[in-house]
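**Student:** I grabbed these lines from TrEMBL:
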TRANSMEM  6-23  transmembrane segment
TRANSMEM  44-62  transmembrane segment
TRANSMEM  74-99  transmembrane segment
TRANSMEM  119-140  transmembrane segment
TRANSMEM  169-196  transmembrane segment
TRANSMEM  216-237  transmembrane segment
TRANSMEM  257-274  transmembrane segment
Amino acid sequence: MFSPPYLVFSIGLILLGLILNGLMMKVLLCKWLRGRRLCPRDQILLSLSASNTIITIQETLVNFAVKSAFVAQIIYVGETFVILCRCWITAWLSVFLCVKIVSCNHKLFLLCKLRISEWVPWLLLGSVFISSLPSATVFWNMSVPSQRNTTAEVSDLAKYLQFRPSVPYLIILLGVFIAPLLLVLLCSILSIASLFSHVCHLKSQGPQFTRSQMKAHIKAAVALICFSLLYLSLAVVETLMILQMDVMDSNVSPARVMINLFFGPGEAAILIAVNPQLKWAVTFLLPHWLLPQSRLLPAST
């Protein structure tokens, strides 16, 4: 059983994740309904907020609500699919931002800069396809020794949910997790380096470089650093979980649950903080009593 402090902290993360990602989804869906289409960046953000919401619900069910080992096994398969989708969607967001931020005269990079907006829907569909293949076979790589005892308590799930993949499948699953991590790290490093290089270049141009511009660049760089560290922690815990091969191991499972619950609100908070329009729209949806001051008008674009 989980300790009371762990339960309290988990409930707080669950509520925060549902609120922040729910607000993001509401803002983006309303924008979609008004304009009949979403820009590529908003398509990625909507997919991320939806996947974060689904994972939060699945983690809540499998760890705090479900009393059947067999049902938990099915939910775990679905959760694996959504987590893989989130990993790849996060990677495509990093690629999208990198292409928009970094300046490069290479022909391939210029082609990506021109076509990236057209590729976003296909990249999102590709995330679903890539994630579906390994996650669909998770069910057959998990053993439930006693199918008759499908009402086992959650505290005893370690006896029933044992991940026993073959070596080729394990390599594929690790590759599907590690590939988006490498993309996120590479694109984040390039974007951060480009931002600081741009700051140094503008500072050398003279006093026309305003303090607000410097703050905007530094804020974007800090957000990318936090984003990368948050994703790195998620990838490390998920990789350890795969290598442990025990879905409910007492040493790994609590850390995995906590990082999955923390990743949703953490990612949403970063994305809201660095997006002025999204930040204002989310602020506008909050109750008046939660705001320290009157709502600001949206920034002009």
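Glycine too: its Cβ is placed from the backbone N, Cα and C atoms.
Note: TrEMBL annotation is automatic and uncurated.
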**Student:** Which bits of the chain, at least 6 residues beyond where the transmembrane segment (44-62) starts or stops, bring a Cβ under 8 A of a Cβ in it?
**Tutor:** 14, 17-18, 21-22, 24-25, 28-29, 32, 38, 72, 75-76, 78-79, 82-83, 85-86, 89-90, 92-93, 96, 120, 124, 127, 154, 257, 260-261, 263-264, 267-268, 271, 275, 278
**Student:** Below 8 Å between Cβ atoms, which of the listed ranges 74-99, 119-140, 216-237, 257-274 makes the most pairs with the transmembrane segment (6-23)?
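**Tutor:** By Cβ pairs under 8 Å, 257-274 leads among 74-99, 119-140, 216-237, 257-274.
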**Student:** Excluding the flanking five residues on each side, which residues at least 6 beyond the ends of the transmembrane segment (119-140) place their CB within less than 8 Å of a CB in that stretch?
**Tutor:** 40, 43-44, 47, 73-74, 76-78, 80-82, 84-85, 88-89, 92, 95-96, 163, 169, 172-173, 176
**Student:** Short question: which residues 6 or more past the ends of the transmembrane segment (257-274) have a Cβ under 8 Å from it?
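**Tutor:** Non-local partners: 6, 9-10, 13-14, 16-17, 19-21, 24, 45, 48-49, 52-53, 55-56, 59, 63, 83, 90, 219-220, 223, 226-227, 230-231, 233-234, 237, 282.
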